[in-house]
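Q: These came from Swiss-Prot, pasted as-is:
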BINDING   T83, D104, N132, A133  S-adenosyl-L-methionine binding site
Amino acid sequence: MATETERVGAKGGMEHSFGFTRVDETQKQSMVDSVFHSVAENYDKMNDILSLGLHRVWKNSMVAWLSPPALSHWKVLDVAGGTGDIAFRILKASRQKAHATVLDINGSMLSVGKQRAQKNGLAPLIDFVEANAEHLPFEDQSFDAYTIAFGIRNVPHIDQALREAFRVLKPGGRFLCLEFSNVEMPWLDKIYDLWSFHAIPKLGQFIANDGDAYRYLVESIRKFPKQNDFAHMIKQAGFSRVSYRNLTGAIAALHSGWKI
């Protein structure tokens, strides 16, 4: 099942969506990187804008559903987690017993995360790795859990990233993904569209001097597969007991799968 609408471009390469714009697959990753280099210092503010502050509640729900144990040998891989926001929450929930590896393709995001880890005294419990979610630099069966929050929609080949998640998880390991989703309440959908397409780019220009980056982030949400379609993709990658929970009228959704 395709991760997004793809077609062959004029030069023979596969075309992908960069928001609502068609681009060659060789261009998409560099364009996404440019967006996140631009917003790295204001990433939490960006999520506050995109979610009206609700991302903090959703992330707490994600960690609560994961329920990390207070065990020193328990290891979690947080992908596209450069600023450390999810990893810090997981470590707190494990009473600082677990070990987290934060992976991101964007060095600017990782720099923010490293600074925050040092500031919060968590650096000994976290490894920061700059790498691609489609080609994880880890051996098979290395982690007890794989988390990704608001990142998988920016991966050019989502199906490949899901296969890599399955590969690096231990048997019995857990996959959890938090992502903006398909709003299912008609009245809420209209309100959120008005906020997203009209207010957010203007606020992005005001806060980060980059309205185009925020416009891409809004458009990328609309291009992401609907909940049932994404759940099917997770199953296709090999996961069992796949389920999802809608959050706040399905503005976001939590997807779960197990490696059995």
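Each residue, glycine too, has its Cβ placed from N, Cα and C.
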Q: Among T83, D104, N132, A133, the annotated S-adenosyl-L-methionine contacts, find the widest CA pair distance and round it to a whole Å.
A: 16
Q: What same-chain residues, at least 6 away in sequence, bring their CB to under 8 Å of the CB of A133 (S-adenosyl-L-methionine binding site)?
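A: Counting only residues 6 or more apart in sequence, the Cβ neighbours of A133 (S-adenosyl-L-methionine binding site) under 8 Å are V79, A80, L103, I105, I148, G151, I152, V155, A161, E164.
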Q: Just name the most isolated of the binding-site residues T83, N132, going by other Cβ atoms within 10 Å of its Cβ.
A: N132
Q: 10 Å Cβ neighbour count around D104 (S-adenosyl-L-methionine binding site)?
A: 27
Q: DSSP secondary structure for D104 (S-adenosyl-L-methionine binding site), reduced to helix/strand/coil, please.
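A: In three-state terms, D104 (S-adenosyl-L-methionine binding site) counts as strand.
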Q: Helix, strand or coil at T83 (S-adenosyl-L-methionine binding site), per DSSP?
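A: For T83 (S-adenosyl-L-methionine binding site) - judged by DSSP and reduced to three states - the answer is coil.
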